[in-house]
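A.B. asks: These came from Swiss-Prot, pasted as-is:
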ACT_SITE  404  active site, proton acceptor
BINDING   286, 287, 288, 289, 290, 291, 292, 293, 294, 308  ATP binding site
COMPBIAS  8-19  compositional bias 'Pro residues'
COMPBIAS  26-112  compositional bias 'Pro residues'
COMPBIAS  113-137  compositional bias 'Low complexity'
COMPBIAS  203-213  compositional bias 'Polar residues'
COMPBIAS  216-236  compositional bias 'Pro residues'
COMPBIAS  605-616  compositional bias 'Polar residues'
DOMAIN    280-559  domain 'Protein kinase'
MOD_RES   269  phosphothreonine
MOD_RES   353  phosphotyrosine
MOD_RES   408  phosphoserine
MOD_RES   437  phosphoserine
MOD_RES   438  phosphothreonine
MOD_RES   443  phosphothreonine
MOD_RES   451  phosphotyrosine
REGION    1-137  region 'Disordered'
REGION    169-251  region 'Disordered'
REGION    605-652  region 'Disordered'
TRANSMEM  140-160  transmembrane segment
């Protein structure tokens, strides 16, 4: 090989160039190069260097596949000791220079162990090896970095999934709602639960690489990738519910199995309600009426409820049942009876209400042998029920018209707070239609004149009925007196002249309940009298809104505001002949006489003399004192219907 002499000539220039490379690339080789700089002066060793140089070329290819040797390079770098030149020389130093000369690989292995060569190769070719070592180290570092990142991602996902699984288990075990066990089951094993568990197992099997685990501890600090848990939204949905709609119901966090009709109340099976009411036994019967029965029940959780069971052949049926459920699902107010759940099983339709334990206004005001109700209690009940109706009319969207306001539909708790009940006859009136013509359903004695005659339905019809309730609280009388069948005056017509005198002269004699004596606040009495007079006006458009009634009863508004639109000096607005009306007065009187004779002339009265069954409920309870011959009737299309075993409301 003639090439041997040429290297002999070149060695002198080569030494300066390599040092520059070595210094630029890696500091460790540079440290080893200074001592050998003195050796290049001797040419004889150079041939040996040539012989040695080709052999290392063979280590080049073998050194590439195993990444382990580079690991050995890193430890020697920190060691400044003279032993360092020995370690770098064997594998890596010759990597860049030898790729061009592959023919000498065979001789490489035997020559590498030679101990004489280490000096010269380190001097002549340390710089190129440094470059190659850089290439190897960077590739390895990149690979390690990528592997570490992948491991981090997998491990964080596994940790998040494990936490999520634990949380889900805890939530499922913490579910406290007892009544509908079947619905709660689907939650735990529902679409969200099953998919999540499968997903967790799938991801858990993913991290099978063993070497990856070694880098696990360092990556843990970068736990910020918490954002990858978008899958958890399903459990959040389960916890909420509610919402629905009782956004009510934010207070009620129980599960929302009953989304069938679009609200977050609870569904019950017929068997559950049958067990709760002891088979709908007579002992648990709270009342009955034209549309069905009301039974008291106790849920497995111990909560008392009132179960309203609709009669199969009643006018309410499926259509009105679904309308009622849809309406009540949007209502939540302290002065309105709350719906707890419902049941639809075949032809069976049941509603589950909260149980209000202290009966109703009719029982406490007109019940036989009941103590006289104090004035402060009467005012409290009037104000509470007015707030409940105001909520229905003005705070619900669309507004809700009750259509059957009466004393037996105002339930009383032990604190004598009023709760308006029975939305079975309620209807929704959209803002686009100012009135809705429907079947006439209401209780005789409370019907607004325009409603009883034509079926025109507005929220002002409820205002009229509430005015009748106020007159009951003021006078202690019933809406209709069945004992005087041929007397034309109802409670409203009898009270009109007295309301006129009381509003002008402040004289409540003959109007206020004589059983109270004079134990009432005259200013509060004046406010209630003014409200009652305004509510029972013939003209529906001249009746105030329920929110105005609330403010007037609270004393937060002038009583003159109740007379908006009335001509000054026309005090006869309270009389039967005041001003122009939307409903002809003579026609009103004729209709009332006709309705009254139909109601009282077709009913037979018992003589038991005791107040029948204590409670009324949700508009379905038969209440009445037979000795006084009460006669309240459910009306439909002007036809009076008997309700059997009593009468579905107050009368007389």
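Cβ atoms are placed via backbone N, Cα and C, with glycine included.
Describe the structural context of each listed feature in the structure shown, including burial, neighbouring residues and relevant distances.
C.D. replies: Under the DSSP three-state reduction, residue 286 (ATP binding site) is assigned to strand.
Here the Cβ of residue 269 (phosphothreonine) has 16 other Cβ atoms within 10 Å, regardless of which shown protein chain they belong to.
Other C-beta atoms found within 10 angstroms of the C-beta of residue 353 (phosphotyrosine) number 24, with every protein chain shown included.
The local packing around residue 408 (phosphoserine), expressed as other Cβ atoms within 10 Å of its Cβ over all shown chains, amounts to 33.
Around the Cβ of residue 443 (phosphothreonine), the number of neighbouring Cβ atoms within 10 Å comes to 30.
According to DSSP, residue 451 (phosphotyrosine) sits within a helical segment.
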A.B. asks: For residue 408 (phosphoserine), what is the secondary structure state per DSSP, taken as helix, strand or coil?
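C.D. replies: Looking at the DSSP assignment, residue 408 (phosphoserine) belongs to a helix.
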A.B. asks: Around residue 404 (active site, proton acceptor), how many other C-beta atoms are within 10 angstroms of its C-beta?
C.D. replies: 24
A.B. asks: Can you count the other CB atoms that lie within 10 A of the CB of residue 288 (ATP binding site)?
C.D. replies: 22
A.B. asks: If you count the C-beta atoms lying within 10 Å of each candidate's C-beta, which of the binding-site residues 286, 294 ends up with the smallest number?
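C.D. replies: Relative to the other binding-site residues in 286, 294, 286 has the fewest Cβ atoms within 10 Å.
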A.B. asks: Please report the Cα separation of residue 294 (ATP binding site) and residue 451 (phosphotyrosine) in Å, rounded to an integer.
C.D. replies: 27
A.B. asks: Say we define neighbours as other CB atoms within 10 Å of the CB. Which of the recorded positions 292, 451 has the fewest?
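C.D. replies: Output over recorded positions 292, 451: least Cβ neighbours within 10 Å is 292.
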A.B. asks: Of 286, 288, 292, 404, which is closest to residue 443 (phosphothreonine) if I measure between C-alpha atoms? They're all recorded positions.
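C.D. replies: For residue 443 (phosphothreonine), the closest Cα among 286, 288, 292, 404 is found at 404.
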